[in-house]
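Summarising the annotation, TrEMBL assigns coiled coil to 85-123. Under the heading compositional bias 'Basic residues', TrEMBL lists 23-33. For 39-48, the entry in TrEMBL reads compositional bias 'Polar residues'. Annotation source TrEMBL lists region 'Disordered' at 23-61.
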Amino acid sequence: MGEFTIQISNELVDRLVDDAVSKKKTRRTRRKVAKEPKNPQSDLSQKQILDGSGKPEFAAAPGWPLQPSLFLPATLPVQPAHSEIENIQSVLRESEKVVKRLKAQEENMLQEVTQKAKDLRNKEYKLPNPKPEPCMDEKVASLTCYKEHIKDPLKCASFVTNFADCLRRFCVVADK
């Protein structure tokens with residue numbers, strides 16, 4: 001960093017001293033006001049006076065009612081410019097478009113998920129292929145014989161014995 005020096009002239013010092021002395025001399029004197037007895041109506045007709053310390057003093061002002069203080073904001077509210085309103089409206093429209101797109105996307109995704117869930121359920125919970133009944137051919141043969149020989153069922157005895165033997169064999173194999 002560069003080095004530098006500051007030179008203060010006597011003239012500058014004198015001016016600073018004179019300013020400090022003049023500030024001390026400008027002290028305000030306090031006004032003394034005669035106090036009147038307080039009554040409710042005199043409170044409304046009092047006038048506020050500030051003394052040198054910044055504290056309020058109240059003095060009676062005969063015939064003049066006390067006016068309420070009027071406080072104005074430091075800056076008036078500024079109405080937004082027309083371009084700002086248009087910008088806000090355009091952002092709002094874009095947001096609404098995004099919401100519509102998101103809703104459509106949500107519906108599509110819901111349909112896809114529902115379809116995938118159905119497919120998965122069908123794959124997982126599919127009923128197994130039923131086992132074929134044992135001795136089905138012998139059973140069918142004996143039934144057709146009974147239908148053909150309604151009056152003489154003894155002619156189907158050989159088909160029935162074949163069916164019974166098949167069932168016994170199946171039961172012996174199934175037990176093991």
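Keep in mind that glycine also has a Cβ here, set from the backbone N, Cα and C atoms.
Unlike curated entries, TrEMBL annotations are predicted automatically.
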Apart from its near flanks, which chain residues at least 6 from the ends of the coiled coil (85-123) lie with a Cβ under 8 angstroms of it?
none
Per-residue pLDDT averaged over the coiled coil (85-123), given as an integer:
93
